[in-house]
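**Q** Sending over a structure as structure tokens; questions will come in a sec.
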Amino acid sequence: MSLAALPILVPLAAGALSVAFWRSVAAQRAIALAGTLILLFVSILLMQQVHSEGFVVLHMGGWQAPLGITLAVDMLGAIMVLLTGITGLAIALFSLGDTPERHEKFGYYPLMHLLLAGVAGSFVTGDIFNLYVWFEVMLIASFALLTLGGERAQMEGAIKYVTLNLFSSAIFLSAVGILYGLVGTLNMADIAQKLGQVEDTGMVNVVAVMFMVAFGIKASAFPLFFWLPASYHTPLVGVSALFAGLLTKVGVYSLFRMFTVVFDHDVAYTHTILLWVAALTMLSGVLGAAAQFEFRRILSFHIISQIGYMILGLALYTPLAIIGGVFYIMHHIIVKTTLFLVSGVTYRLTGTHELSELGGFYRERPMLSVLFLIPAFSLAGMPPLSGFFAKLIVIRAGIEAEAWTVTAVALLVGLLTLYSMVKIWAEVFWKARPEAEDGVQRPEPRTEGLVWMYVAITGLAACTIFIGLNGQPIYNLAEVAAEQLMQPQGYIDAVLEGRP
Amino acid sequence: MTLLSVVLLPLIGALLVPLLARARSPLIPAIASGIVTLAALSLLLLQAPTVLSGELITSEWAWIPSIGLSIAFRLDALALFFATLITGMGLLIILYAHFYFAGKPGAGRFYALMLAFMGAMLGIVTSENLLFMLIFWEMTSLVSFVLIGFHSDQRPARRGARMTLVITGGGGLALMAGIVLMGSIVGSFNLTDILAAGDELRAHAHYPLILTLVLLGAMTKSAQFPFHLWLPNAMTAPTPVSAYLHSATMVKAGIFLLARLHPALADTDAWLYSVSTVGMATLLTGAFIAMFKHDTKELLAYSTVSHLGLITLLMGLGTATALVAGLFHLLNHALFKAPLFMMAGAVEKATGTRDMRRINGLWRHMPLLTIMSAITAASMAGLPLFNGYLSKKMFFIESLDANVISPLNWLTPVLAAIAGLFSAAYSFRIFHNVFFNGQPRELPVWPPRKPALGIQLPIILLAAGCLFVGWQAEGIVHGLIRAMATASSGVKAPAYDMGQLHHVGPAFYMSLAALIGGLILYALRERLFELYDQLPPADAREIFEWLMTRAGNGAERFVHALENGSVQRYIALIILTAIIMAGPVLANVVWYGAKPMTPADPLTILGAILMMATAFGVVLGHRNRLFALLLLGSAGLFVTLTFARFSAPDLALTQLSVEVIAVIIMMLALSFLPQTTPVESSRLRRSRDSIIAVLGGLGTGLVSFAIMTRPQDSISDFFLEQSVPGGGGSNVVNVILVDFRGFDTLGEITVLGIAAVAVFALTRNLQLKHRIPNERDQYWASNPHPLILRTMARPILPIALMVSAYIFLRGHNMPGGGFIAGLITVVALSLQYMAGGLAWAHDRMLTSFRPLIGGGILLACLTGLGSLFMGLEFLTSWFGHYELPVLGHIELATALLFDLGVFTTVVGATMLILANLGKLMTVNGPGEEIG
């Protein structure tokens with residue numbers, strides 16, 4: 001039996017159940033834990049199924065592709081779903097310890113589940129309009145989570161967030177419409193096949209560019225990333241971490257999906273644009289981070305620069321580069337989530353995200369320091385952590401493709417990332433905490449629930465070490481994913497098998 | 001296996017020692033570290049006979065074979081020497097550190113980091129796989145970073161650590177690129193293959209690039225000019241760290257790399273010029289600056305820089321004899337520099353300062369240390385009989401033979417002699433200043449504490465080593481150094497003519513000149529210091545920080561220029577991006593397809609014109625928000641009419657209900673906002689924005705036109721065909737919604753549910769400014785619920801609900817369905833609110849809206865799951881026809897259940913939004929929650 005629908009249905013049901021149990025926060029907490037655990041379990045099962053069968057296809061309602069909605073999970077999809085499961089569980093654990101009552105009572109947990117449903121839906125669907133629907137689910141859920149606190153800064157960030165993302169949705173929807181006009185179908189595999197017969201490559205390129213812009217906004221690529229640094233530092237840390245880990249990666253995933261399986265007709269045009277986008281995204285993100293002195297804003301800008309590495313993998317469009325890109329996505333989701341969660345602990349203990357007001361954690365909390373250093377050095381691409389291998393593969397792909405400029409940019413950005421992580425380390429951990437100003441009493445740190453937070457962070461940190469030490473199996477997964485993407489015929493055949 | 005354990009032992013030790021740090025006695029972690037190190041050292045020494053006989057020991061395990069990374073070790077004479085140096089010196093440092101830290105907290109942390117560093121360093125020198133080596137290479141940078149910042153509460157320590165990491169880390173990245181490039185060319189990352197492919201590499205077009213990248217890695221690590229700046233700033237580390245990492249081991253890693261890759265990259269002009277020039281520059285800079293440093297550790301740091309330059313220079317010359325000289329000097333440098341650092345640390349502990357202007361005449365207080373330092377300083381100065389003299393003389397001989405640029409051949413020995421002169425001067429200085437030169441001045445600790453014997457023990461051992469090497473030079477050069485040179489160059493090194501070291505020739509005079517000149521220089525030191533002080537001050541750390549701040553400011557300006565918080569600008573950028581990206585291909589687009597146009601009737605044209613006019617009106621009148629909203633509503637109505645005109649009654653019905661609800665909700669929201677939008681942007685910007693908007697709109701319109709005019713072949717035909725036989729309904733739109741593409745609908749009702757929850761949470765948590773009711777409000781408030789409306793509303797409700805039920809039930813076959821029915825119900829219910837007021841309505845209404853939302857989504861999910869139990873795919877519909885009493889013929893379809901879920905969610909969500917927004921705007925504020 002095909003398990004493709006379960007990663008959507010589990011969080012969807014968990015979300016609906018949580019809404020139904022609105023008045024019982026205790027029940028919602030239990031559902032949060034159970035729901036994300038089951039999601040992780042399901043995602044592992046799905047990964048196994050994809051691993052053994054190659055593609056897992058499910059025709060919703062029994063309507064064969066391309067007529068109904070088809071879910072189609074290839075290795076890339078399965079990897080992304082698995083990462084969603086891991087991140088979801090970590091966020092749920094963290095949230096159990098860190099979510100204030102005011103948020104818990106107003107739908108925090110249901111929104112979290114529904115966001116996960118949207119994310120998972122985007123990864124498993126093989127239908128371009130259905131992808132749009134899951135984007136909407138994600139967008140509205142994330143907007144709700146952003147505004148849950150109702151604070152002024154959150155509103156400001158949320159309005160920018162929702163405006164620019166709605167704009168992206170509008171472009172996406174127009175692109176879907178035009179594409180439908182061009183090929184008369186919504187199934188991605190079918191689109192891929194029919195696009196091959198379209199002679200008007202000019203129009204195909206126009207549509208491709210529209211998708212690129214729409215997904216580029218979602219992925220926060222240059223110069224479309226503004227909504228991200230405007231909003232990611234405002235909500236609860238758990239929410240930031242969930243967004244940081246998964247949301248932009250949905251955009252990246254969609255770029256990978258569309259610009260391998262669907263739009264491979266004029267690589268010289270589309271992927272050259274992507275190459276420039278990748279270089280500029282890496283650079284602008286890391287430069288943006290250099291100018292920041294707020295923990296989460298630094299991390300937010302680094303999301304952007306790291307997205308550049310992933311797009312670089314796609315843009316180089318060689319098997320090795322795609323492997324690198326996929327590896328990078330895997331590594332990044334885990335590491336970035338961890339870093340945001342660490343900022344949550346320091347915030348809990350001090351009540352601030354400003355580097356100038358933080359300090360002293362190296363002496364006070366050596367355990368936390370280690371838990372920061374692992375993902376931070378991993379993000380900066382230091383061995384033997386996951387980021388090192390991710391960067392190594394991408395750099396190698398760049399060198400072998402003789403794309404010198406962009407490879408040099410990637411190396412330089414790696415160095416600046418290291419500098420940035422060290423800046424946080426020196427300010428937050430090494431430096432002694434500055435004295436409070438006269439008369440201002442520091443709030444007592446709230447320590448209840450810290451255990452949950454530590455469990456989440458430790459688990460994720462273990463993941464980045466695990467990826468580093470078990471590079472080969474992970475590489476194999478990425479390799480399968482890349483092969484499937486570079487030879488889309490397998491995907492197309494699997495989806496359209498048995499078509500009327 | 002042995003090699004693996006050699007590397008793993010310290011690394012595992014590093015993980016375990018922190019656990020011992022809580023032990024009562026500080027001796028325990030020290031002893032544990034010592035045992036681990038000793039074990040690694042003994043394992044190495046057991047291999048010595050095999051390795052020195054010229055055999056190569058290798059072992060390999062797979063790690064990530066796909067990228068060429070394997071856990072591969074090799075042990076030859078070169079690796080063995082370095083590994084022994086690392087472990088042997090490590091042992092002495094642990095002994096030293098035990099007394100240096102004497103009961104201070106943090107010693108456990110220190111041992112752990114030391115062992116981690118030792119493991120990484122051993123990994124570098126014993127790796128067979130270059131990627132594997134790179135991992136250890138970066139690890140040493142990281143551990144060194146943490147060790148330099150050991151006193152993390154001190155700002156200079158943090159800054160020094162940061163600077164070091166950025167420089168060595170940057171070098172590491174360059175090295176990574178270089179290694180990857182080599183590996184790609186050779187097809188393997190294993191040293192054996194790469195060293196064998198030297199000719200291929202040197203002939204390759206990318207050779208200059210490889211060389212540059214690898215050298216960048218080596219030069220940054222080994223503190224070569226101009227990257228030497230980090231080393232003096234790393235002196236904020238505790239002295240055991242300086243002695244170990246920054247004189248004996250880590251800084252030699254770059255030189256090790258040069259020696260290791262010699263067969264692959266050396267023996268070209270590019271190598272000769274670049275490496276020897278850098279070495280010479282480093283040698284001179286270091287030697288010159290060292291003389292003027294008043295801080296003992298800083299003087300030693302610059303002296304280290306200079307000696308590293310010397311060795312690099314010899315590596316650059318690249319001949320077999322130069323290699324021998326370089327490696328011999330490397331051994332000697334470790335032997336005399338580490339004890340000098342240890343001396344500086346011991347003196348600091350005894351006196352509380354490292355300032356040589358204050359520490360003087362310590363010979364009275366620590367005679368043993370004086371004698372030992374005399375030996376090591378003499379070795380550093382290059383006094384005859386000591387080991388340093390021998391390797392330095394070898395260097396002079398090489399400089400005389402060097403053939404760098406033939407007309408300038410005289411330059412190399414001259415510069416070498418000058419460097420030797422400075423080197424002698426600072427050696428005299430550190431010894432004479434500390435132990436003689438009059439009386440101590442204002443020492444922070446007075447009288448100086450007597451250094452423990454334990455802290456002096458490693459110094460004594462190393463000083464003895466200096467003497468031993470000086471005495472047994474021939475045996476060591478021939479037994480060890482030659483084997484190393486052979487292992488390094490891959491060619492059997494010829495016997496070194498030791499006789500020329502005792503020969504009185506040009507090299508002897510150069511040594512003599514350097515020593516005498518050094519003495520003179522030292523005698524003139526006060527004058528020189530005055531001159532030096534007049535030079536412009538240049539603190540590398542300040543420059544580095546300044547650079548970083550400047551870069552940060554530049555970045556800030558750059559980011560601000562892009563990201564200034566204006567949503568208009570962001571959207572303008574997005575549209576511009578799309579236009580620019582699509583621009584180049586627009587010429588290739590077929591703008592007009594072959595399909596004939598539908599004839600236009602006057603009514604349609606009028607409708608289109610009106611629709612455009614309303615849209616344009618919204619743009620023009622958007623400053624008056626109420627007006628704009630009303631126009632927006634009318635634009636929506638024209639869209640509805642368009643749907644109706646082109647025979648899409650379902651869409652028209654839906655659009656109509658959505659427009660009504662949307663306008664009501666927006667009206668509610670508007671009451672919290674100012675009535676007008678102020679003019680904020682300049683005329684110029686508005687013109688810019690309108691151009692962009694017109695371009696974007698024109699583009700979209702043209703593309704749509706191009707698409708609509710071409711012939712189409714789509715899956716729509718299938719839907720028309722299959723609607724009745726497959727979906728059991730003749731209303732194709734509804735069958736698409738609940739069956740063909742029911743999964744989309746499931747997603748969309750989720751969106752609606754979430755939106756309702758979001759509005760609910762927002763209305764509860766939002767802190768709004770207090771609204772000041774104006775007079776118009778008063779007027780309306782005085783008669784809030786007009787009698788006619790109130791009377792009419794009540795009978796409308798049951799009728800509307802009946803209509804809703806009818807629309808719902810017939811939806812599958814005729815225009816209608818759950819979504820529309822839901823909206824009709826909502827309109828009817830909200831009419832009750834308007835007519836009777838919130839309180840009135842709530843008294844008479846079930847208000848569990850949230851469970852409705854959850855229940856609706858669950859019902860839709862469950863309908864889908866039901867088909868799974870029937871062994872069908874998720875959401876597979878089923879339908880049948882029945883004859884029922886009274887009702888007659890009826891068709892039942894599972895799709896109806898799904899539609900019921902849609903209906904429930906729509907009602908729950910919309911009511912939740914309306915009720916809470918409505919409640920928020922009452923005078924009492926949000927009050928108790930609804931729903």
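Keep in mind that glycine also has a Cβ here, set from the backbone N, Cα and C atoms.
All TrEMBL annotations are machine predictions without curation.
So TrEMBL says this about it:
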TRANSMEM  B:31-49  transmembrane segment
DOMAIN    B:63-111  domain 'NADH-Ubiquinone oxidoreductase (complex I) chain 5 N-terminal'
TRANSMEM  B:79-101  transmembrane segment
TRANSMEM  B:108-125  transmembrane segment
DOMAIN    B:127-405  domain 'NADH:quinone oxidoreductase/Mrp antiporter transmembrane'
TRANSMEM  B:163-189  transmembrane segment
TRANSMEM  B:243-259  transmembrane segment
TRANSMEM  B:330-347  transmembrane segment
TRANSMEM  B:570-591  transmembrane segment
TRANSMEM  B:603-620  transmembrane segment
DOMAIN    B:610-675  domain 'MrpA C-terminal/MbhD'
DOMAIN    B:684-766  domain 'MrpA C-terminal/MbhE'
TRANSMEM  B:749-766  transmembrane segment
TRANSMEM  B:787-807  transmembrane segment
DOMAIN    B:788-911  domain 'Na+/H+ antiporter MnhB subunit-related protein'
TRANSMEM  B:852-872  transmembrane segment
TRANSMEM  B:892-914  transmembrane segment
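Can you tell me where each of these features sits in this structure?
**A** Note on the domain 'NADH-Ubiquinone oxidoreductase (complex I) chain 5 N-terminal' (B:63-111): its mean pLDDT in the predicted model is 90.
Note on the transmembrane segment (B:108-125): residues 6-11, 13-15, 17-18, 20-22, 29-30, 32-33, 36-37, 40, 78-79, 82-83, 86-87, 90, 93-94, 97, 101, 132-133, 135-137, 139-140, 143-144, 146-147, 150, 238, 240-241, 244-245, 249-250, 253, 256 of its chain, located 6 or more positions outside it, place their CB under 8 angstroms from a CB of the stretch.
Here the transmembrane segment (B:330-347) has long-range neighbours at 81, 85, 89, 92-93, 96, 100, 238-240, 242-244, 247-248, 252, 255, 296-297, 300, 303-304, 307, 311, 354, 359, 362, 366, 369, 372-373, 376-377, 379-380, 387-388, 390-391, 430, 434, 451, 455-456, 458-459, 462-463, 465-466, 469, 476, 480-481, meaning same-chain residues at least 6 beyond its ends whose C-beta is under 8 angstroms from one of its own.
Packing against the transmembrane segment (B:570-591) from elsewhere in the chain are residues 562, 688-689, 692-693, 695-696, 699, 702-703, 705-706, 710: each is 6 or more residues past its ends and has a CB under 8 Å from a CB in it.
Long-range contacts of the transmembrane segment (B:749-766) within the same chain: residues 849-850, 853-854, 856-857, 860, 901-902, 905-906, 908-910, 912-913, 916-917, 919-920, 926, 929, 931, each at least 6 residues beyond the stretch ends and with a Cβ under 8 Å from a Cβ of the stretch.
Remote same-chain partners of the transmembrane segment (B:852-872), defined as residues 6 or more beyond its termini with a Cβ less than 8 Å from a stretch Cβ, comprise 742-743, 745-746, 749-750, 753, 756-757, 878, 894, 897-898, 900-909, 911-912.
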**Q** Looking only at the domain 'Na+/H+ antiporter MnhB subunit-related protein' (B:788-911), what are its DSSP counts of helix, strand and coil residues?
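**A** Summed over the domain 'Na+/H+ antiporter MnhB subunit-related protein' (B:788-911), the classes give 87 helix, 12 strand, 25 coil.
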**Q** Given a Cβ distance threshold of under 8 angstroms, which distant residues of the chain, six or more beyond its ends, lie next to the transmembrane segment (B:243-259)?
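**A** Tertiary neighbours of the transmembrane segment (B:243-259) are 78, 82, 85-86, 89-90, 93, 96, 114, 117, 121, 124-125, 137, 140, 144, 147, 175, 214, 217-224, 231, 234-235, 237, 266, 275, 300-301, 304, 308, 311-312, 315, 323, 326-327, 330, 333-334, 337-338, 341-342, 345, 484, 488.
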**Q** What are the DSSP helix/strand/coil residue counts across the domain 'MrpA C-terminal/MbhD' (B:610-675)?
**A** 54 helix, 1 strand, 11 coil
**Q** Could you count the residues of the domain 'MrpA C-terminal/MbhE' (B:684-766) that DSSP puts in helix, in strand and in coil?
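**A** The counts are 70 helix, 0 strand, 13 coil.
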**Q** When DSSP states are grouped into helix, strand and coil, how many residues of the domain 'NADH-Ubiquinone oxidoreductase (complex I) chain 5 N-terminal' (B:63-111) land in each?
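**A** Its residues divide into 33 helix, 9 strand, 7 coil.
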